[in-house]
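Feature list (source: Swiss-Prot):
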type	residues	note
ACT_SITE	Asp72	active site, proton acceptor
ACT_SITE	Asp141	active site, for ring-opening step
ACT_SITE	His143	active site, proton acceptor
ACT_SITE	Glu148	active site, for ring-opening step
SITE	Ser151	site 'Part of the allosteric site'
SITE	Arg158	site 'Part of the allosteric site'
SITE	Lys160	site 'Part of the allosteric site'
SITE	Thr161	site 'Part of the allosteric site'
SITE	Tyr254	site 'Part of the allosteric site'
Amino acid sequence: MRLIPLETTSDVAFWSARYISDAINKYSPTKERPFVLGLPTGGTPLETYKRLIALYNKGEVSFENVVTFNMDEYVGLEQEHPQSYYRFMHQNFFSQIDIQIENTHLLNGLADDLEAECLRYEKKIKSYGKINLFIGGVGADGHIAFNEPASSLASRTRVKTLASNTRRANSRFFNNDINQVPKLALTIGVGTLLEAAEILILVTGHHKAQALEAAIQGNVNHLWTVTALQLHPKTIIACDAASTMELKVKTLKYFSELESDNIGYL
């Protein structure tokens, strides 16, 4: 696992956007051989999306031959609901780049048969071989997508009951009313994530410090979903200074020295 320790949230957004655009350009995608990108929602990736849009506007990256799969979606929200992830992605990213809308894939939280929808999503991912690069964030309790603590590390895309802590944290998007936050969501599984060729996780803020410590210094266990990343051969975590507060000084020094050339990538 690689850790890229940066200073600010803006640095994480800039670094990750540049890394993603470089990965796409290096792959040289075509219609017959698209670059497959896994995407999250939320405040942390929002800044990365803004940077990617800026790179697109400068002509430094194209999404014409990129296929995307989002991590998760609430159950029961209409696509145009202000807090649906469908609306988030179209409003904050897809509508501002040259991606083909038919190449964007999101779980349908309104499907009549939710389990069948999850199976369909898994099959769709497999139809492209694998996801080339999966971007993700992490919750304060270490969850990735909606894989809450105690999720199976071999799990696949499925219906998931949201933990109270997650619903409470997300209530800020629902007028601070936890009763408006859906109790169920569709999410890719940990096993689904680990099948990606490469994973890039964005971690920012002091409230994510325990999760980062678990990911880097902890043992693999199902109560901290983020620790599953230790099992992946090509994971990168880009983080800001605030999120490193729980790391040992020697750990942070080790990665800072090891990645000094890549930190200079900014």
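Yeah, the Cβs are placed from backbone N, Cα and C, and that goes for glycine too.
Model, not experiment: these values are computed from the prediction.
Here the features listed in Swiss-Prot are painted onto the structure.
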residue	record	DSSP class
Asp72	active site, proton acceptor	strand
Asp141	active site, for ring-opening step	coil
Glu148	active site, for ring-opening step	coil
Arg158	site 'Part of the allosteric site'	strand
Tyr254	site 'Part of the allosteric site'	helix
Considering only the recorded positions Asp72, Asp141, His143, Arg158, Tyr254, which fall within 10 Å of Ser151 (site 'Part of the allosteric site') when distances are taken between Cα atoms?
His143
Counting only residues 6+ away in sequence within the same chain, which have a CB under 8 Å from the CB of Arg158 (site 'Part of the allosteric site')?
Glu115, Cys118, Leu186, Thr187, Gly189
Listed recorded positions (Asp72, Lys160), ranked by Cβ neighbours within 10 Å, top entry:
Lys160
Out of Asp72, Asp141, Glu148, Tyr254, the recorded positions in the record, which is closest to Thr161 (site 'Part of the allosteric site') when you go by Cα distance?
Glu148
Need this for a regression test: recorded positions Asp72, Glu148, Lys160, Tyr254, filtered to those with Cα within 10 Å of Asp141 (active site, for ring-opening step). What's left?
Glu148
Among the active-site residues Asp141, Glu148, which residue has its Cβ surrounded by the fewest other Cβ atoms within 10 Å?
Asp141
Least surrounded among the recorded sites, given as Ser151, Tyr254, when other CB atoms within 10 Å are counted:
Tyr254
Top Cα neighbour of Glu148 (active site, for ring-opening step) in the set of recorded positions Asp72, Lys160, Tyr254:
Lys160
Out of His143, Thr161, which of the recorded positions has the smallest number of neighbouring Cβ atoms within 10 Å?
Thr161
